[in-house]
Amino acid sequence: MMVGASNAQLSATYYAKTCPNVSSIVRSVLRQAEQNDIWIFPKLVRLHFHDCFVHGCDASLLLNGTDSEKTATPNLSTDGYAVIDDIKTALEKACPRVVSCADILALAAQISVSLGGGPTWKVPLGRRDSRTAYREGTGTIPTGHESLAVIATLFKSMGLDSTDLVALSGVHTFGRARCAAFMDRLYNFNNVSGKIDPTLNGTYAKTLGQLCPKGGDVTSLIDLDEQTWLTFDNKYLLDLQNRRGLLQTDQELFSTKGAETVAIVNRFASSQSQFFNSFAKAMIKMGNINPLTGTNGEIRLDCRKIN
């Protein structure tokens, strides 16, 4: 799973001759998609993340079928697949059989962050699409309930360090999470009935309790960042400093005594430009996990099925 030498074959100018307008085509589809769904940008960034963390960035997540990754528990709340199809349709018209679904995911993530107010970066391209899904590999997708030690080890196994971990967690500056992702922090923390997560701000815990009552709908969606839930900024890192991080894995970045992540949260909270810079670098590193290049894999015609 480690980032291999094959990444040398990825290049920001990969489609310069074969599909020169690839970025502007993706951007125009995304602008249109936002008219129908204000949450589409965080949804698409999440698809790229969930794809890369299972067997690398190979669009295996997008495949339908009985052994599909989509229907595995960590992916049941993912969304945005129809927009990926729309991008693919537009690209097939402009440059048939050229742009992979894996590259569409990487480009859609970058452009979503940028349109949401976040940084822009040049996406290395040239990934090819897998011919199989890896449902059994979906256990490597973080659930939001892991300890810092577990999540840091998982990220390290993907070639991502503590700075990358904090930067990528900062993506929760926009988007929403299901009540199920954090209700244990309100009602039975560490499996102790009635226990509230001590790192959770008391006032915030009360607010969350009203939004996600015990025995209520666990699929209800709650804004990850209370202040600017549709804008990509550094506010979620400030939330962590105020013990108002929605997900346990995020709050632990700041609330774990002696952890090297504490200083990184503080740095990003005080400097949005440092956060943006590190986020862009971390996204490039994540996008380089185990890509299929050369003659490996294929260029799917339909992102939902192999050719």
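Even glycines carry a Cβ here, placed using N, Cα and C.
Straight from TrEMBL, the features:
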- HIS50: active site, proton acceptor (ACT_SITE)
- ASP51, VAL54, GLY56, ASP58, SER60, GLU69: Ca(2+) 1 binding site (BINDING)
- PRO142: substrate binding site (BINDING)
- HIS172: heme b binding site (BINDING)
- THR173, ASP225, THR228, ASP233: Ca(2+) 2 binding site (BINDING)
- CYS19-CYS95: disulfide bond (DISULFID)
- CYS52-CYS57: disulfide bond (DISULFID)
- CYS101-CYS303: disulfide bond (DISULFID)
- CYS179-CYS212: disulfide bond (DISULFID)
- 9-307: domain 'Plant heme peroxidase family profile' (DOMAIN)
- ARG46: site 'Transition state stabilizer' (SITE)
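Structure coloured by features recorded in TrEMBL.
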| residue | record | Cβ contacts under 8 Å, 6 or more apart |
| --- | --- | --- |
| ASP51 | Ca(2+) 1 binding site | CYS57, ASP58, ALA59, SER60, LEU61, LEU62, ALA102, LEU105 |
| CYS101 | disulfide bond | ALA59, LEU62, ILE84, LYS88, ASP129, ARG300, CYS303 |
| PRO142 | substrate binding site | PHE53, ILE151, LEU154, THR249 |
| HIS172 | heme b binding site | LEU224, ASP225, TYR236, GLY245, LEU246, LEU247, ASP250 |
| THR173 | Ca(2+) 2 binding site | GLY118, LEU224, ASP225, THR228, THR231, PHE232, ASP233, ASN234, LYS235, TYR236, LEU237 |
| CYS212 | disulfide bond | CYS179, PHE182, MET183, LEU186, VAL218, SER220, ILE222 |
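Annotated pair ARG46 (site 'Transition state stabilizer') and CYS52 (disulfide bond), C-alpha to C-alpha distance, rounded: 10 Å. Mean model confidence of the domain 'Plant heme peroxidase family profile' (9-307) amounts to 96 (pLDDT, 0 to 100 scale). Shown in sequence order, PHE174, GLN227, TRP229, THR231, PHE232, ASN234, LYS235, TYR236 are the same-chain residues outside THR173, ASP225, THR228, ASP233 whose Cβ sits within 8 Å of the Cβ centre of the Ca(2+) 2 site. Counting only the Cα atoms, the space from CYS19 (disulfide bond) to GLU69 (Ca(2+) 1 binding site) is about 29 angstrom.
Every protein chain shown contributes to the tally, and the Cβ of THR228 (Ca(2+) 2 binding site) ends up with 16 other Cβ atoms within 10 Å. For GLU69 (Ca(2+) 1 binding site), the same-chain residues 6+ apart in sequence whose C-beta sits under 8 angstroms from its C-beta are HIS50, VAL54, SER60, LEU61, LEU63, ASN75, ALA133, TYR134, ARG135, GLY137, THR138. Taking the mean position of the Cβ atoms of ASP51, VAL54, GLY56, ASP58, SER60, GLU69 as the Ca(2+) 1 site, the remaining same-chain residues with a Cβ inside 8 Å of that point are HIS50, CYS52, PHE53, HIS55, CYS57, ALA59, LEU61, SER130, ALA133, TYR134, GLY137. Neighbour counts were taken as the number of other C-beta atoms within 10 angstroms of each residue's C-beta; across the binding-site residues ASP58, ASP225, ASP233, the minimum falls on ASP233.
When Cβ atoms from all protein chains are considered, those within 10 Å of CYS303 (disulfide bond) total 22, not counting its own. Most Cβ neighbours within 10 Å among the recorded positions CYS19, ARG46, CYS52, CYS179: this distinction goes to CYS52. In the shown protein chains, 28 other C-beta atoms lie within 10 A of the C-beta of CYS57 (disulfide bond).
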